[in-house]
Amino acid sequence: MVPKPLIKRSSSVNPDPQQKTQYNFSLWNIWVATTLLKILLYPAYHSTDFDVHRNWLSITSLLPVSDWYLENTNQWTLDYPPFFAYFEWFIGLFVPHVVVDDGCLELVDVGRYGHLTVYFQRSSVIVSEIVLFLALQRFINISRSLKEKKRNFVIASSIVLSPGLMIVDHIHFQYNGFLFGILILSITNAKTKNYLWCGFWFAVLLCFKHIFLYIAPAYFVFLFSAYCLNPLTIPKSTKELIGFIRWENLLKLGSVVIAVFVVAFAPFVYYGVLPQLLSRLFPFSRGLTHAYWAPNIWAVYSFMDRVLIQLVSKVPGFGEFVHLVFKLNISSESVNHTSSLTRGLVGDVQFSILPDIKPNHTFLLTVFYQAMSLIPLLVNPSFERFIASMTLCAWASFLFGWHVHEKAIMLVIIPFSFIVAQDRKLLPLFQILSASGYVSLFPLLFGSAEWLFKALFTFVWFVVFSTSFNEVSHFSTTLARRVFIIDRLNSLYIVALIPMCCFVQMLEIQSRNFEILQRLEFVRLMIYSMTCCIGVISSWNGFTWLYFLDDSIWVEKDD
Amino acid sequence: MHSNKKKFVSLFTSSPLHDFLIPFKKAPNQWVARYIIIVFAIIVRCAVGLGSYSGFNTPFMFGDFEAQRHWLEITTKLPITKWYFYDLQYWGLDYPPLTAYHSWIFGMIGSWIDSTWFALDSSRGLENTDLKSYMRITVLISEIVCYIPAVLMYSKWMARYYNNASSIDQTIIAAAILFQPALIIIDHGHFQYNCVMLGLTLLSVVNLLYNKYALASIFFVLSLCFKQMALYYAPVIFCYMLSVCIWPLRVNFNLLRLISIGSSVIITFSIILFPFVYFGGFIQLKQILIRVFPFGRGIFEDKVANFWCSTNIIIKYRNIFNHDQLKLISLLLTLIGISPSCIAIFLKPKKNLIVWCLASCSLAFYLFSFQVHEKSILLPLMPITLLLNEVDPDVISMVCWICNISMFSMWPLLKKDQLELQYFVLGIMSNWLMGNLSWIRKTLQWMKIPVTAREMATPVLPHNLFWSMVIIGSYIAAGLLHFIEFIKPPPENLPDLWVIGNVVISFGCFSLFYLWTNYKIYQIANTKVKEN
């Protein structure tokens, strides 16, 4: 029991002598608050990803390691790299008996489970997310000045409170939180110039989820340039060229990374299932776009195709015109076959009017834009450049990649958060990106129960962090002309997202009364996709512009 | 007693709520802080709404959710004359007319969205996600319109004229009030529209504070017409209004004020009842009265932590007295129970006394009156929660304690509704936000949780040793009861044993708290404070 002297109210003791320490740079409070909120979300909708992870849990718990990547009773086979499989195996050690009886660990084609399984797996997401909180707390703690600490606190809290994580991890169901935690460990080590640890954590991350390959080029170039090269001078002879590379560091880094991969993959090489594993990791059989178009270039492309189909079928003579001018092949049969707007919900996307896109096209485009962003990093491997090029790499993959999920936008937003405070000029770009990016996640939760929750959470996050980032950002050092009309357009766009969401929701509500709206289900997703495209692409334009043309942003700034 | 001139020291300085909101202390960011608390209050309510509700998946009568849905159905699909007559066995309308109008509006909107939701008869027992979302949203909208602004306005008045809290402290206190778990879980978990009635009463109180008597009486009548339970507050409101009109007799007898109050009451009532009389004649009024005041029912139904149910364990009232005698006794006891607060507010119509008297009076109703439900604790709880605006730390401790006990007293109901998860999470959340759990952090210092160690005061217990013992004792008893219930089903011959334990513990706490409020009323009434 608490002894008497301890139990006093604050007003009865003297007011805190250190009035200055009003700010508390600890994520503890946020952790408690969000954890409580996340527990309230236990009964919320969960997607098929839940059954995917439940299936992996049972595969790793019940089967020997050699069979993990062979098992295919359930259509959701294990298709993440080995560390994630180990991670699932580790969680499986803690499944209580009541949860096992609930059907958590059954190897069946479709999972049959009750709320206990849901509670258990949702708890595992919350617990694993502690990694993210610890990594970000470390990021705050390494700040050197109070001002920087405040800035880093805003960055960290914007990430842990991210509506993306709330929607994707805690409602839709995935384990992104702790994966981003590992990414942030790596980023923190890059900031403190512990390059070996930086490489180590990133290698670990890649062995957890291979989607982080999107940003691997930035890591590769950064670590190579910052750690394995002497400061850049033009080599005059072959000897200098050899001396130009710090072979010892290269060896250390290489062995660390290879060691991680060996630990991850060795058992599967031993059992001879590596080819099977790799074919699971990189399935090229899927289509260009997902059922719901992630807001990228291909969404615009598909949209244009749809518009052209409509024009060709509705406007007489338009087809011949297109054929004559652009030499595009239009078979009236394909147009008729595909003119229904509901098309595109399932399966492979085939374009009727515009030329088809092959995987190597997307690959070339992605590599080109990534390479462009890597050149400045190679020359000047500063931390800020590194984060910026990481953002750009993820962005290029998101915009041009093959079969991109809308969730991948988190890979752009989270690195971007680390540099947004660098300069006021970046703030509007970040606002547009985060607003459109998070709104583009809304269709993941299509039910009416979570609608208000996701919308309000995203809204309040946006208001809070727009204000906070505005307060802690560095002022622009260059007195660039700010184009006010563009600023106004930015705000207009962001505000317009609200009526867009409401309008689409109204369409959905009214679709039970009007049959025409039911058939237009795809249109609702298309509205989301197109609106968010505008934001993601225009923000990318602005960012690329600043990345290549405004060098003053990408240097370490003093407070 | 605190003087008004004293600089306000926030009692929540060591609370997480303070930590969250203090970064928005600067004047230009104040609006952000206010929006944050409102939006987060709504977000938490949305999250609670994802859970189960009263009567979920329990044919054939279901529960309160079905009752409310049914009212939306009958008000939209039947003429006004049949509202209080239609199939009374199946959740017949038994709330006053404003509830009916409220149901009608939301029923019309809902029918526009989906005509099957409120189709006459065929929609009985309908349960689907979209309907649930819609019903949840109607509660949210009602709360946003009625309750939340009233709380903010009340805190604003208190800050300006009473405790001199800074703008940010005022927001923090409002947040603490909005995160009171009992109202959240009943309205958004169990499913009811208590926030409307409470909000209207609170609006009436706010108008009383601003000396707008006609508006105050209109709001109070509206509140009464929404849910007859607002009668728990009526004696105090009545005494206060009467007192400010006629007391002291010769100095400021204010006839004009009395007339304006009286006429606004009558006019409001007539407007609300007019459609019924116009379309159905005076028989409608009689039927409404019969439906709204069901004196035919027993003195208590379910197990509830009031005087009758608790002492019934020892004295079997139903064997000693007949129904009418019981009614009379309960009336007498209630009158005795409400008299201290009514007399105090009549003799000393001080503004800082209103909320205290409302608390005491409604608690007396809860403890002694006829036909009380466990949810009725929300009524005393509303003014009690408003006491968080007080500047005395002991008061805050007592308020937090009784909030927790009220939550605990509703445990059997919430368990039946399958809201166990929400019960524990909301209970922990509200206490933690107000800093009531910071002593845990203090004892866990060896764990080196990444917390910048600050000098923390631990606002759990009041200074008085007796109350500290009571509070600690009740917490231990409540915790033990939860634990026993978790590990062991009740013995077969006494299936209600754990519920009765709950009732007894809660009743003990409520009655002690009732005595304490009366003591405080006496103390405050006899203190000279300069009126603003």
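In case you wondered, yes, glycine gets a Cβ from its N, Cα and C as well.
Bear in mind that TrEMBL entries carry predicted annotations, made automatically and left uncurated.
Just so it is clear, the model here is predicted, and its values are computed rather than measured.
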Which stretch, out of A:86-107, A:152-173, A:284-305, is listed as transmembrane segment by TrEMBL?
-> A:152-173
Against which stretches of its own chain does the transmembrane segment (A:426-445) lie, if we need a Cβ under 8 Å and a gap of at least six residues from its ends?
-> 45, 47, 162-164, 167-168, 171-172, 292, 294-295, 406-407, 409-410, 412-413, 416-417, 419-420, 451, 454-455, 458, 461-462, 465-466, 469-470, 473, 487, 490, 493-494, 497, 500-501, 524-525, 528-529, 531-536, 538-540, 542-543, 546, 553
Please work out whether the transmembrane segment (A:27-45) lies in contact with the transmembrane segment (A:200-229), by counting C-beta pairs under 8 angstroms that are 6 or more apart in sequence and asking whether there are at least 3.
-> no
Per the Cβ filter (under 8 Å) with a sequence gap of at least 6 from its ends, the transmembrane segment (A:152-173) is approached by 23, 25, 27, 30-31, 34, 38, 41, 44-47, 49-50, 53, 121-122, 125-126, 129, 132-133, 136-137, 139-140, 143, 180, 184, 407, 409-410, 413-414, 417-418, 420-421, 437-438, 441-442, 444-445, 450, 454, 457-458, 461, 464-465, 468-469, 471-472
Long-range Cβ contacts under 8 Å made by the transmembrane segment (A:451-469), restricted to residues 6 or more beyond its ends, are 41, 44, 154, 158, 161-163, 166-167, 171, 420-421, 427, 430-431, 434-435, 438-439, 441-442, 445, 494, 498, 501, 505
Same-chain Cβ contacts of the transmembrane segment (A:490-507) under 8 Å, 6 or more residues past its ends?
-> 428, 431-432, 435-436, 439, 442, 451, 455, 459, 462, 517, 520, 523-524, 527-528, 531, 534-535
Excluding the flanking five residues on each side, which residues at least 6 beyond the ends of the transmembrane segment (A:527-549) place their CB within less than 8 Å of a CB in that stretch?
-> 292-297, 299-300, 303, 373, 376, 388-389, 391-392, 395, 398-399, 409, 416, 423, 425-426, 428-430, 432-433, 435-437, 439-440, 442-443, 493-494, 496-497, 500, 503-504
Long-range CB partners for the transmembrane segment (A:250-271) (under 8 A, at least six residues beyond its ends), listed in sequence order, are 65-66, 69, 81-83, 195-196, 199-200, 203-204, 207, 223-224, 227-228, 277
